């Protein structure tokens, strides 16, 4: 893969002048990336360990004079981070599970079970891609606050995150397209062996769909963890709020170093997830986009 | 092929008064059972789409013409919500800010990632490092990015002015100045979201066949000419798609103005979505909020339609 020809020819790069230019550009990009993307993160992580007057000092100190873990400890206790982290984990895990179960089942039905009006339903689902989610938050909020027919409110309950998460046309379509490509013969062979539809989904389709299930899982988890406006509307009860909402609500009246520490803690789970699965995530973004 | 086989039996079954169970009824029952099963699988998804996508879309349009207070029965008010919202001085400010934001985000958040991707594609060392580092801000929760930059923009000990002082440049008001506030927010959004764009461009650049560059070089095309006549035409489709996606995303900007500036100074950073939020949760005016939502919906729906048309036509070829 390194031998593929790009904009600059290998011959030009092999020349002494070409090599000098290459290494200059390379160094410049390394410096630029470090300053633009790594330094802010470094500043955040170390800022939390500075003392309150050191963090407010001009010119600032590049390295903390004393490393205080107190900022992190205070954030953990004063801002009740364990509770908000737990809320976020419950919301994200539930949304992930609901999406996997209901989106997979629906995608399987649309792809393989030929329901009447299947085309209409798929059209209706794809049409929601044209309706940007954020523009509908207010009527969605009113629906969640007073569910039609049932007349119950899901406000301040994790179901308010879990159920709307299922209405994710992008993930459902991703699954359906993957199922469409599964070889028909394998499914038919299972059917001849007497397997029911659920059995086929569970023991044939899902094991063959690991890559797409991985992508959908990551999308589902990241979406809930990063969301702000929807949980802000839905969780007015401070004790139920996920970490993103709690951070903003508490940012007004808390010491800067404590807030920064809380920001670092809130970032760790997603950054860790990314570092572990970076290869898959990066490959997924590239592949998903070019294959449309 | 099973379908054609199923369609034939009924006629002979009616002709023979055989004692065997009539296959037509049997088949119909089996088909009904198949459908019931298919809809059993669909049910959960369908209910969620109906409740949280289709119904709210219809409801937005309905409530836009109503005086709506939760708990009491709604009243029809004609176009009163629209006229009230249109008369609000914040309305003009919100649309002007949102459109300016979108335009600036296109200028900054578009040229920069493209150039970065072009350069990254030429580098043969530390490839994984660059890809991870550029995507890192995307994985930081948007609320954290916003709070982080709010601290950087702090007029006292903020890093942004410290950096300018270090370079002996005049300091800026950043989010406190009416002229600079919006640009400051665009910088935050670009920093936070650029990684995805860069990675998608990189994937597109890698799919360009190397022979095209070789042929262009043989024809005597210089570096810039190769970019103009090979790179850009080859990635035109991805560029267009990302541009539309970005327009749709930035038109819905909320987190940055809400967290960093609160819409200020002097409404300089109020966006349409922020105004929708204010109407619903500050003024308790759900009719007005829905009227605004409908306007945003129509505009973004048009952009989305273009986007889907483009993706579909490319898929056919």
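The first residue you see is number 1, and the count goes up from there.
Each residue, glycine too, has its Cβ placed from N, Cα and C.
In TrEMBL, the feature transmembrane segment is placed on A:89-110, out of the ranges A:89-110, A:177-198. Where the transmembrane segment (A:89-110) meets the stretches A:117-137, A:212-234, A:254-277, the count of C-beta pairs under 8 angstroms peaks at A:212-234. Long-range Cβ contacts of the transmembrane segment (A:20-43) within its own chain (Cβ-Cβ under 8 Å, at least 6 residues beyond either end) map to 13.
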